[in-house]
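If you check TrEMBL, you get these features:
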TRANSMEM  12-30  transmembrane segment
TRANSMEM  42-62  transmembrane segment
TRANSMEM  83-102  transmembrane segment
TRANSMEM  122-141  transmembrane segment
TRANSMEM  153-172  transmembrane segment
TRANSMEM  205-223  transmembrane segment
TRANSMEM  244-263  transmembrane segment
TRANSMEM  283-304  transmembrane segment
TRANSMEM  324-346  transmembrane segment
TRANSMEM  352-371  transmembrane segment
TRANSMEM  383-406  transmembrane segment
TRANSMEM  426-447  transmembrane segment
Amino acid sequence: MGKKKLTKGNYLFIGSMLFGMFFGAGNLIFPIHLGQLAGSHWLPAAIGFLITGTLLPLLAVIAISITRSNGIYDLAKPIGKKYATIFMILLCATLGPLFATPRTATTPFQIAFGQQLSASQTPWALSIYSLIFFTITWAFARKPGEIVNSIGKLLNPLFLILLAIIFGFAFFEPMGHAGSQTATAAYQHASFLNGFLQGYNTMDAIAGLLFGIAIVTVIRHFGLTNPTAIAKATAKSGLISISLEALIYLILIYIGATSLTYFKLSADGGIAFSQIAMHFMGIPGQIILAIMATLTCLTTAIGLSTSFSEALHSRFPKISYAKWNAFTCLLSFLIANLGLDQIIAWSLPMLMFVYPLAITLIALSILSPLFKRARIVYIMTTILTLIPAFLDGIASAPAIISTSGWAKALLQLDNYLPFASYGMDWVLPALIGFILGLAIYGCQALTSHSHKMMPESN
């Protein structure tokens, strides 16, 4: 049984599950917008985006399999139980009613109506749309079942077919040449790092940490029990998911860059996506795209609401699943009415704060066999990551926060940290914390070993 091997069909099935977990219509707006921002520098920006948008989510699932964790709480518990609880709540809230779930309504709304409605019409139209959207989400999430899964299995392939048609038009009738498009100022000098940070917006690494246990459970059902074997199976299956996602993202980034031939830089990727669909397929194509984006985002919203409610109900069982579900949908509805641009603007500081912590946790978990999951390594790395990550969150917040007196005073610390201007000032402190943690762990191990040897020497 220890030598159990997966078939090609098993790998394909797991790979499709990973793809279904990480790919969603809501994520399509970010690579298109990235292409417009990067212009002729689209390729290095794309490489950065693919690292955080496709590779990191796969590593999150591998981290769960290596550590035999049952989820994000178990994964973060070596740092401390209170920290693990707070971190789990932050990630759940980010993927739940604060940002990701409201975005599932505002993204298809922007694709469908972003160009058609005036500024005065948009608020009430969004209110009606999001009310209907989250009422349906609440109803289905009360008793999630096979019907939602079946709809998702049907819609995702159809949506991919529609994307393939747009890609075909873009290939045979390109809008222009990406190499001749002007990049925005930020992307002229640091396109890779900016692309890396744009990948945070997919929130897929967080999704991998929160929901990766579902993939690991499926692999265990196929007969694999050894953590290393499960990690290898996840990695092999993930190549299928990563390859397809990377191809889709690359093409979208390229199309976004070429779209500058006809369109100005859009406020967000939803408007750009709508403009591109209109350019290639006219009004019928745009209508079909809007309907399918709504339905696919609806299935995503149901899944997110269900997962958020189940995760918090399991941690706080005194509050029923039904109440968590109602709370999620109500808060998501209220936040959705801020609009897509505001949701993205306010989600950025949270992502700039939690993503460095998530990245270091994933790395520590994968490397944990080297130091026997010693707490000191986790703690030192996390402490030295926490402060610069918090500063990055403040620096990327809307002006009402980032330009306040207390924020400016705190951000003076960034003058002493390398890569602060790129939002990567956490990297060096994290490495220092990791090295210090390893050194302390090594000293403790040597001391423990010498104490064990002392009776023998006597």
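Quick reminder: no glycine exception, Cβ is built from N, Cα and C everywhere.
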Quiz item: Honestly, do the transmembrane segment (12-30) and the transmembrane segment (383-406) touch, with at least three Cβ pairs under 8 Å and pairs 6 or more apart in sequence?
Solution: no
Exercise. Take the transmembrane segment (153-172) and find every residue of the same chain, 6 or more past its ends, with a Cβ under 8 Å from one of its Cβ atoms.
Key: 20, 23, 25, 28, 248, 251, 254-255, 258, 276-277, 280-281, 285, 288-289, 292-293, 295-296, 299
Exercise. May I ask you to check whether the transmembrane segment (352-371) and the transmembrane segment (122-141) make contact, with contact taken as at least three Cβ pairs under 8 Å and only pairs 6 or more apart in sequence counted?
Key: no
Quiz prompt | Range from 42-62, 122-141, 205-223, 383-406 with the greatest count of C-beta pairs under 8 A to the transmembrane segment (324-346) | solution = 122-141
Quiz prompt | Cβ contacts under 8 Å made by the transmembrane segment (383-406) with residues that lie 6+ beyond its boundaries | solution = 345-346, 348-350, 352-357, 360, 413-414, 417, 420, 423, 425-426, 429-430, 432-433, 436
Self-check item: Long-range environment of the transmembrane segment (122-141) - Cβ separation under 8 angstroms, sequence gap at least 6
Solution: 102, 104-106, 109, 113, 147-148, 294, 298, 301-302, 305-306, 309, 325-326, 328-330, 332-333, 336-337, 339
Exercise. Answer yes if the transmembrane segment (244-263) and the transmembrane segment (426-447) have at least three CB pairs under 8 Å among residue pairs 6 or more apart in sequence, and no otherwise.
Key: no
